[in-house]
């Protein structure tokens, strides 16, 4: 990977890591489902008038939009709104990698290798440590924690739809898929917000919207979604997947660091242990025992 593309990849990692802090800031003055609906409305409009619709079956596009866009962010925004720390959310959301592996095995008959099973087992242990900390110390609201896991599972379901879309005969451009799939969750978000929050709350949040919320929406829509996914998709198309995908492991590192610096969030001892176990599980899933093999060859 060239130095320029390496810098771009790290830029996306930082942008996505900060994403969780921005969500928490944006939720201070707006209901979570309303904020999510406005985010995707800004992603879709006016870009949808300038980007061609991806030539994929409508049922796959709907499935992708309802899982990776609607369900994932409905659960994630509500989780953070209910007290899930932004930094910890950035880490727990990475459970999507393991959900994706298990769904891939079930849906496509993909074989699970030893390193994947070891990574999954270690990450599950890390999640159980976090649950234990939540139940005993109440440092993390259990509802927020479970909603974040639901968001991770929804992301994994979206990955399965994405795999089906990308294996289609007419493989769509990344930006086309991002923008057109953003159209799908807008109405569901607003309807859900209307049911759960009420029209008075929705109208009040729009009438009293402040610059902080506006900037949060701009960041979430244009920087994190359009710019972030645009660069990431370009890099995936330019290089082998194994060169690009592992860099996403740095997202929760940035998420935890930025939450500590900007929101003064601190991990308890058990939370830190759970975080280390999950990150180690992710590392094993991606790299396996490659480091150990390299040491043997070198010696």
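Every residue gets a Cβ built from N, Cα and C, even glycine.
Lifted from Swiss-Prot, the feature list:
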TOPO_DOM  1-6  topological domain 'Cytoplasmic'
TRANSMEM  7-27  transmembrane segment
DOMAIN    14-132  domain 'EamA 1'
TOPO_DOM  28-31  topological domain 'Periplasmic'
TRANSMEM  32-52  transmembrane segment
TOPO_DOM  53-59  topological domain 'Cytoplasmic'
TRANSMEM  60-80  transmembrane segment
TOPO_DOM  81-87  topological domain 'Periplasmic'
TRANSMEM  88-108  transmembrane segment
TOPO_DOM  109-116  topological domain 'Cytoplasmic'
TRANSMEM  117-137  transmembrane segment
TRANSMEM  141-161  transmembrane segment
DOMAIN    153-287  domain 'EamA 2'
TOPO_DOM  162-175  topological domain 'Cytoplasmic'
TRANSMEM  176-196  transmembrane segment
TOPO_DOM  197-216  topological domain 'Periplasmic'
TRANSMEM  217-237  transmembrane segment
TOPO_DOM  238-243  topological domain 'Cytoplasmic'
TRANSMEM  244-264  transmembrane segment
TOPO_DOM  265-268  topological domain 'Periplasmic'
TRANSMEM  269-289  transmembrane segment
TOPO_DOM  290-299  topological domain 'Cytoplasmic'
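Tertiary neighbourhood of the topological domain 'Periplasmic' (81-87): same-chain residues 20-21, 23-24, 27, 31-32, 140-141, 143-145, 147-148, 252, 255-260, 263, 265, 267, selected by CB-CB distance under 8 Å and a gap of 6+ residues from either end. Panel annotation: around the topological domain 'Periplasmic' (28-31), residues 38, 81, 193, 196-197, 201-202, 205, 208-210, 212-213 of the same chain, lying at least six beyond its termini, place a Cβ under 8 Å from a Cβ of the stretch. Taken through DSSP, the topological domain 'Periplasmic' (197-216) splits into 16 helix, 0 strand, 4 coil. If you look at the topological domain 'Cytoplasmic' (1-6), the same-chain residues 6 or more away from its ends with a CB under 8 A from one of its CBs are 235, 238-239, 243-244. Listed as Cβ neighbours of the topological domain 'Cytoplasmic' (109-116) (distance under 8 Å, sequence separation of 6 or more from its ends, same chain) are residues 101-102, 284-285, 287-289. Cβ atoms under 8 Å from those of the topological domain 'Cytoplasmic' (53-59) belong to residues 165, 168, 170, 172-173, 176-177, 180 of the same chain, restricted to positions at least 6 beyond its ends.
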